[in-house]
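Peer 1: Handing you this structure, nothing more for now.
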Amino acid sequence: MTDSIMSKAATMEIPINSNGDTGTLPEDDSLEQAAKLQWSLDEKVGSTRGTRDLQQVMVSGPNLNETSIVSGGYGGTAEGIIPTSSIKGSNMHHSSSSSSMSADDATRGVAVEKIESVKKWGMNTYKCTKQMISERFGRGSRTVDLELEAQIEVLRDTKRKYQNVLRLARALTNHFYNMVQTQHALGDTFADLSQKSPELRDEFGYNAETQKLLCKNGETLLGAINFFVSSINTLVNKTMEDTLMTIKMYENARLEFDAYRADLEELSMGPRDAVTMARIDAAQQQYQVHKEKYERLRSDVTIKLKFLEENKVKVMHKQLLLFHNAISAYFAGNQQQLEQTLKQFNIKLKPPGADKPSWLEEQ
């Protein structure tokens, strides 16, 4: 309909005066009417189309991933449009790549440290093995502290002897424990027979009382011997062993010191070019480090040997006195002296049946 009106308006004749002015058309204003009709139709169509677009935007909403940034002036080309999704993707890619690079650097650093530690361990093992073989075949020199070496040898010999004393004391404890258990059973048997044999009641009764008394004194002596065994075990397997562990560390430090000393001497006898001088400086530093370690451990061993000797004399003086007094009082039949010996050394006996597990533990 609009097209027909517009075509009609376009074909109308417009009269022109002689002066060139357009003439009025009072009788026919169809052109003005056609223009007004066209404007009203355009407004209706535009409002309808705008309402439809607004509803579509409100329903669907803008897509932030498809938002674009326009660079350049108005009417520029599409080359200046940069999708924000590409910017976000590039930032994420950059952050992930930087984090992966930092993780790779950390892993590489740990691997380098491990390789360096293995390399140092290998060089140290090689030098020490070479020095050990040279000493064994008499071709290498070793650092010797005659006084300290003699004290170490005395300590090792003392430990072997004390281990033998400990073994024999444990054997004595086991045998004496069995004897006490036998005396206890024998006393119970004599007591039972004294009740069932009226003609020998007194004789069985005397022997039952004697065995019970011996069993009681035997248990007291066992308490003293067990204390003696425990103290000797602590002295041998803890105190002496701790000193011997320090001595082992000292001997390893001595071997390392001699190995690096021999390496420095070998380099010093060679040519003095730039490369060799650098190696000599490095060997000098290593030699100084191991020398300080060797001297520190030698001082520790000297101090521990001194304190060990003092502790050994004090402990053994007390334990030997206890062992002698307890054994003498037991075989002399002096029950009071035996009990006084245990009180003198603060030994408390366990009540009978204390070593047996309770009925709850047996379940």
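Cβ coordinates come from backbone N, Cα and C, glycine included.
Not my notes, these are from TrEMBL:
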type	residues	note
REGION	1-28	region 'Disordered'
DOMAIN	143-343	domain 'AH'
COILED	280-311	coiled coil
Peer 1: With Cβ-Cβ distances below 8 Å as the criterion, list the same-chain residues six or more beyond the ends of the coiled coil (280-311) that contact it, or say none.
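Peer 2: Tertiary neighbours of the coiled coil (280-311) are 143, 145, 148, 151-152, 155, 235, 239-240, 242-243, 246-247, 249-250, 253-254, 256-257, 260-261, 263-264, 267-268.
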Peer 1: For the domain 'AH' (143-343), would you mind checking the mean pLDDT of the predicted model?
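Peer 2: A mean pLDDT of 92 is what the predicted model shows over the domain 'AH' (143-343).
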